[in-house]
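Everything below concerns the one structure shown next.
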Amino acid sequence: MAVLEILKIPDDRLKQVSEPVEQFDDELRAFIDDLEQTRRDGPAAVGIAAPQVGRFQRVVIVDVSNTRKPVPNHGYMILVNPEITHWDGFEMGREGCLSVPDYTGNVIRATQIKIRAQDPWGQPLEYEMEGYEARAVQHELDHLDGMLFIDRVVSRRTDLFQRKVYQKGGKPKK
Amino acid sequence: MNDWKMLTLVGADQPGIVGQVTNALYRAGWNLGEASMIRLGGNFTIMMMVTGEGVVEPVLQPVVDALGLHMHVDNIAGSLHQHVVPNIQVRVAGADRAGIVAQVTAVLAEQGFNILELESDVAGSSERPVYIMHIQGYADLPLESLEAALDNLGDIDVRVSPIETLIG
């Protein structure tokens, strides 16, 4: 296993659209092991996408099982050729990225998604997920289409308009 | 080169302020750092880190005069890449009255909460103004103790929530 080099902005390769995986072989699985080791090597990343290490194939890893406050999650997920088949709701959250050092910003993401993907052996996977995990998957899937969170950053002021339709956090007042 | 100045510019809002200010700086060889610019009550406000050779005021004076801006410059000890990532956000909303910010921020200060960003606005109408404030900051203490401390503020609706910054 090896820790791979992370591409960082302004590297134009991060804008490249990745190709679907067609060969589910040992080489792919060895690469996924390296990708996971790379994710764990730096700052606490909850996900990583293959193009972040210069491999332009549709492979991401997401694992939000280790947040400060536990959130609903499916543990360690390897998603090959992932697709969002359904999404619902939206909320703002703060994101950063291994490919964008020393910057965080607010991004609006769907709160509930359904996804279809394949595992490293090509077997079909389906997940329904919400909140932070759904956010992480959307962030990683963006990488596969050459998008970074900085392409989606919004002003926090935007949030004020959303309070009317969406409210969370805190506890109800007596 | 790394001696930063904090430049403050305020004046009646109009199109072209940012363009003219930053072009004057650029043409004189000045560099920009972190900045916050926003329209407040019909005024445009700029707070911006700048660095360059010599004195910055004469560089901007023609633009400042033409646009009717107020200019203020401080030498600062700051530098780039000093970001603190907020871990707690506090949202406040309620019928506008005197003392909302004072009361909430006094509690936050007592709890050792460091405010990194504060944005507030008055929504509603002139007859029924609503004060909305959004604070992001950093505190080491658990969310619950902050929540408990903010619970005694009567009519002010305060919501505290964690910010779990996603790195992916």
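Using the three backbone atoms N, Cα and C, a Cβ is placed for every residue, glycine included.
Automated prediction, rather than curation, is the source of TrEMBL annotations.
The shown structure was predicted, so the numbers you read here are calculated from the model rather than taken from an experiment.
Features of the protein shown, as given by TrEMBL:
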- A:Cys97, A:His139, A:His143: Fe cation binding site (BINDING)
- A:Glu140: active site (ACT_SITE)
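Taking the features listed in TrEMBL, we show where each one sits on the structure.
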{"residue": "A:Cys97", "record": "Fe cation binding site", "Cβ neighbours (10 Å)": "28"}
{"residue": "A:His139", "record": "Fe cation binding site", "Cβ neighbours (10 Å)": "27"}
{"residue": "A:Glu140", "record": "active site", "Cβ neighbours (10 Å)": "26"}
{"residue": "A:His143", "record": "Fe cation binding site", "Cβ neighbours (10 Å)": "27"}
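DSSP assigns A:Glu140 (active site) to a helical segment in the three-state reduction.
The two recorded residues, the residue listed as 'active site' and A:Cys97 (Fe cation binding site), have Cα atoms 10 Å apart. Classification of A:Cys97 (Fe cation binding site) by DSSP places it within a strand.
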